[in-house]
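Chemist: Copying in the features that TrEMBL gives for the protein in this structure:
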type	residues	note
REGION	1-341	region 'A'
BINDING	Glu31, Asn35, Asp77, Met82, Asn90, 97-98, 117-122, Thr167, Arg341	ATP binding site
REGION	489-508	region 'Disordered'
COMPBIAS	497-508	compositional bias 'Basic and acidic residues'
REGION	553-626	region 'C'
Amino acid sequence: MEKKQFQAESKRLLDLMINSIYSQKEVFLRELISNSSDAIDKIYYKTLTDDALSFNRDDYYIKVSADKENRTLSISDSGIGMTKEELEENLGTIARSGSLAFKSETEMEEDFDIIGQFGVGFYAAFMVADTVTVLSKAFGSEEAYKWESEGAEGYTIQPTEKADIGTEITLKIKEDTEEETYSDFLEEFRLQEIIKKYSDFIRYPIKMDVTKSKPKEDNEEEYVDYVEEETINSMVPIWRKNKSELTDEDYENFYQEKHYGFDKPLKHIHTSVDGTIRYHAILYIPATMPFDYYSKEYEKGLELYSNGVLIMNKCADLLPDYFSFVKGMVDSEDLSLNISREMLQHDRQLKMIEKNITRKIKTELQNLLKNDRDKYVQFYDVFGRQLKYGVYSDFGQHKNVLQDLLMFYSSTEEKLVSLDEYVSRMPEEQKYIYYATGESNERIAKLPQTEIVADKGYEILYFTEDVDEFAIRMLMNYKEKEFKNVSSGDLGLESEEEKKEAEKEASDNKELFDKMKEILSDKVKEVKASKRLRSHPVCFSTEGEVSIEMEKVMQQMPDGQGVKADKVLEINVNHDVFNALKDAFDKDEEKLALYTNLLYNQAILIEGLPIGDPVEFTNDICKVMV
Ligand SMILES: Nc1ncnc2c1ncn2[C@@H]1O[C@H](COP(=O)(O)OP(=O)(O)OP(=O)(O)O)[C@@H](O)[C@H]1O
């Protein structure tokens, strides 16, 4: 029998194929099954375009059978088959895709789902097999042929007998090596797993003989094994089904089945887009945070399918970082795949899908906030921080997408409120959106700096997470209202009269305050009479960009040690303490230094900052006591 040679380039290409195109050997099965599915599709297409033919779905299937003893795995189908010439052309020439040719010859409509296009998938069989044998009988032909190859050396073709139309591919599975247990590809369980993973949504049944056991008829205690043919794939992908046919439970099952998470998802989003780009997507907002979410191990991304065939487990390009918690999948027929189907060209289509998906997630979250607030709050408690990081990162590029999704605890509502709700409640004369920062809501509520704003009846937003103020600074304003920290120098609250009064206060006590500043030296920028304090004797305010809360966050960063807020020590001149200060200033310089240091450290404590010298501080207190 004459042995035909692969063309020279083909030899090299075959070698490349076997060794480097696919990163996982198991995908060989996906490729062969996809070919079978294409072959059935082709018959189906013929029947659609020829009135003399009919297509009975039950006659079409793909069967996978393993024979452990002989180390063979075969994949057979009742598809269109191949003639002698086709075997030669399609399997003898690498990178010749009969499927692609079929598509263009028949001018198939765009939305017909043939998978093959590169003409290389078949050769993936050589990753796991020493010999590949193809028996095929073409549709409309009486003759069958056997194509056989041991890889790069070439192939043979000879006539053979085959009862039915279709193709049967038999792989002689390689012997196990130290690196690879090829025998796994003969195990029922492993094969089922691979089929489920990659080919679950192939539209024709993929059958396998499955070993099961049942109680013996005469003795229920004992079991006997028996073999039954089963369809392994679910065939109709849930995302192609009509939403009205599906229940919440269906979506939850899909979430579990796909191992998107162990929790019950908080919300699912099912969307099908049929425009310039076509895709189906099922997305989930998890109810709990993945345990590794804020670690390097966490990989964002959605599963990506092309026509029901899994291409990529985690396609990161489909999700922006700020929505990295979203799980789910996208199936599109419009993607330009590269030959390994593992990496996609970072193409326009992918970008467009990402943009659409991002918009969809945002709208769905906004709807949740509007229509099911409790659920939104539940979501926000878990992933709100990620949204705030999103506002802050990339120089605030995404702030417009995210600002409407933010929520903060409100002093007056005593619950989380959105910025829109805050602004819509603002009295006309209120210039700013006020916020206060601190460790917890309870601590912020007691901050002396909040007194004057609260006295005016204005709502204050409480920032308790380190990212809060950074995000808000990036936002700068919301609906043209600027944000204002209640500790910042100018709160925009005093009337002209109050301003004059304060100036007088300042000049009357200039010498005392100058002296106090001298005692504290560069620990503070200024000491002055407070306009904001009501009942408390002392507090800090800040000037400039860095607030005290930001100073605390920066101090914890490796290169933020030098960053300090410009602190102003504010004294309540209506408090009895002020009289004591004045008295000391007139009579006892040492006492003034003692009181000044004590007041300074009190302000430090109120802010939750560390006392520079705790021993000195306690000694100072003792001095006052005795
Ligand atoms: N089971 C089959 N039945 C009928 N024809 C087949 C079968 N398997 C392969 N072919 C033919 O062989 C060709 C080459 O297959 P191969 O898997 O190498 O490439 P492909 O499926 O066209 O493209 P891709 O590399 O994108 O999978 C196919 O296009 C098809 O014409």
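For all residues, glycine too, the Cβ spot is worked out from N, Cα and C.
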Chemist: At a 10 A cut-off on CB-CB distances, which of the binding-site residues Glu31, Asp77, Asn90, Phe122 has the highest count?
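Modeler: Highest number of other Cβ atoms within 10 Å: Asp77.
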Chemist: What parts of the chain pack near the compositional bias 'Basic and acidic residues' (497-508), using Cβ distances under 8 Å and only residues at least 6 beyond its ends?
Modeler: 528-529, 531, 573
Chemist: With every protein chain in view, what's the tally of Cβ atoms within 10 Å of the Cβ of Val120 (ATP binding site), excluding that atom itself?
Modeler: 21
Chemist: To what whole number does the mean pLDDT across the region 'C' (553-626) round?
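Modeler: For the region 'C' (553-626), the model's average pLDDT rounds to 90.
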Chemist: Please count the residues of the region 'C' (553-626) that DSSP assigns to helix (H, G, I), strand (E, B) and coil.
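Modeler: Computed counts for the region 'C' (553-626) are 45 helix, 6 strand, 23 coil.
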Chemist: What are the DSSP helix, strand and coil residue counts for the compositional bias 'Basic and acidic residues' (497-508)?
Modeler: 12 helix, 0 strand, 0 coil
